[in-house]
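What follows is a short report on a single structure.
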C-alpha cells in the first residue's frame, strides 16, 4: 500500500508514475473522498470540543445551584451528534482504505516504459544455446517416450493443467528442488522455512493478491475460507506481519519449497500443452526482508542467487527488466529470468525477482526499529523464484536430451540422483 501522506501531498506525481504501469489513478474520486474525510473529521473534533466544554459547565452550574437539566440534554445531544459523525467518518475511511487497497505500487524511476511483455528490455544473456544435430523434442514428447510424464491420467484424476510424474523424472523433479534448497541455504545464507499451504484472506492482502486477484486463487468453502497459496512469497513474507523487528534481525533471508496453486483464470488457450502453465506446480521461493536503504542492492543479490542455479545447471538464459505495463501489482522493479527451451526454440520465464520496497510492509504492518530515530518504520520486502521446479525440469529435459530420447543428468544433480547419469 502506498503511503497515504505521500499520496495526499504528491497526488499529480503519483498519478503520473502509476500511468507507467498502465494504471489510471482516479484523482477526482480520491480528492472527493479526502475532502469528505477532512470535513467530517473537523466536525467530529468540534463536536468533541463542544461536548467537553458543556461537560465542564455542568460541574460549575451544579456548584452554583443552577438547573443542570438543559446542560445535560445539550451534552447528550452533542454526544449523539459526535457518535453519528464518527460513524460517518469510519464509513468514509473504509472507502478510502478500499480505494488505497486497489492502487498498485509505484514503479522505480529506472523501470522502462512500455505496455506489455513486448516492451521488456533484455539486460544480459548467459550461455549459448546448444546446436543439435537432430530435431530437438519438447518435454511433452520426451516425457511420453520415457513414460515419465502422463497428462492424460492427470486430467482423468483432476482436470487439465495437471501432470503425473513417474520414475526417474519424478526423481529428477525432487532432485532439482533439493539441489536448489541446498545451494540457497549452504551457499547463499538463506534460512529454510516450512510454511502453511493454506492461508487466510488477511495474509493474501498483505502481499497484494487480495482483494484484486481473487479469481486467480483456489479457496475452500464455508464461512471462514482459506486459500491455497499461489506462491510461498505469501506466507513467507507474512512471517514478519504485525511485527517490529530489531535492527540486528535484518537483513532476513528465507527460502521455502512449496507446491503453488493458481487458477490461471486469464490464461485460457495459453500454454495448454505440457507443464509450462499448471494449476499445481512446485517452486523454491526466495524472500528478503531488509532495511529501506538496502533493497536496491538486495534485488541484484537475490536475482544473482536465482541465476546461480541456472549457471550451475549450465542452462542458457537471459535476464530481462520488465517494463511498467508488464510488472506485477506489488512490484516496484522486476527482473525475469528466461531459460532457453530448445523444444520451443525460445526463452521462457523460469523466475521473477521483485523489489516491492515498503508496499507490502505497509499492508501487513511489517516494521523495524530504526536505531537512529528509535521509531518503527516499514521494512522493504523482496521475493523471487529460485527457481520454478517444474520449469527447471523442462529445461533440463530439453537441453540435455540425446538423439535416442534419453536425457543426460547435469553434473550437479548426480549426487541427488543416486548415481544415475542418464534417464532412459
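Any Cβ shown, glycine's included, is placed from N, Cα and C.
Feature annotations, reproduced from Swiss-Prot:
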- 231, 232, 233, 285, 385: L-serine binding site (BINDING)
- 262, 263, 264, 349, 350, 351, 352: ATP binding site (BINDING)
Ranked by how many other Cβ atoms lie within 10 Å of their Cβ, the binding-site residues 233, 349 are led by 233
Across all protein chains shown, the binding-site residues 232, 262, 263, 264 give the max Cβ-within-10 Å count at 232
Comparing the Cα of residue 233 (L-serine binding site) with the Cα atoms of the binding-site residues 262, 264, 350, 352, the shortest distance belongs to 352
Cβ density check for residue 351 (ATP binding site), other Cβ within 10 Å (all protein chains) comes to 29
Keeping only the binding-site residues of 231, 232, 385 whose C-alpha lies within 10 A of that of residue 350 (ATP binding site) yields 385
Spatial hits near residue 231 (L-serine binding site) (Cα distance within 10 Å) out of the binding-site residues 349, 351, 352 come to none
Under a three-state DSSP reduction, the secondary structure at residue 285 (L-serine binding site) is strand
Note on L-serine: the CB centroid of 231, 232, 233, 285, 385 has further same-chain residues inside 8 Å, namely 234, 236, 256, 258, 260, 283, 284, 286, 287, 383, 384
Argmin Cα dist to residue 263 (ATP binding site) over the binding-site residues 232, 285, 385 returns 232
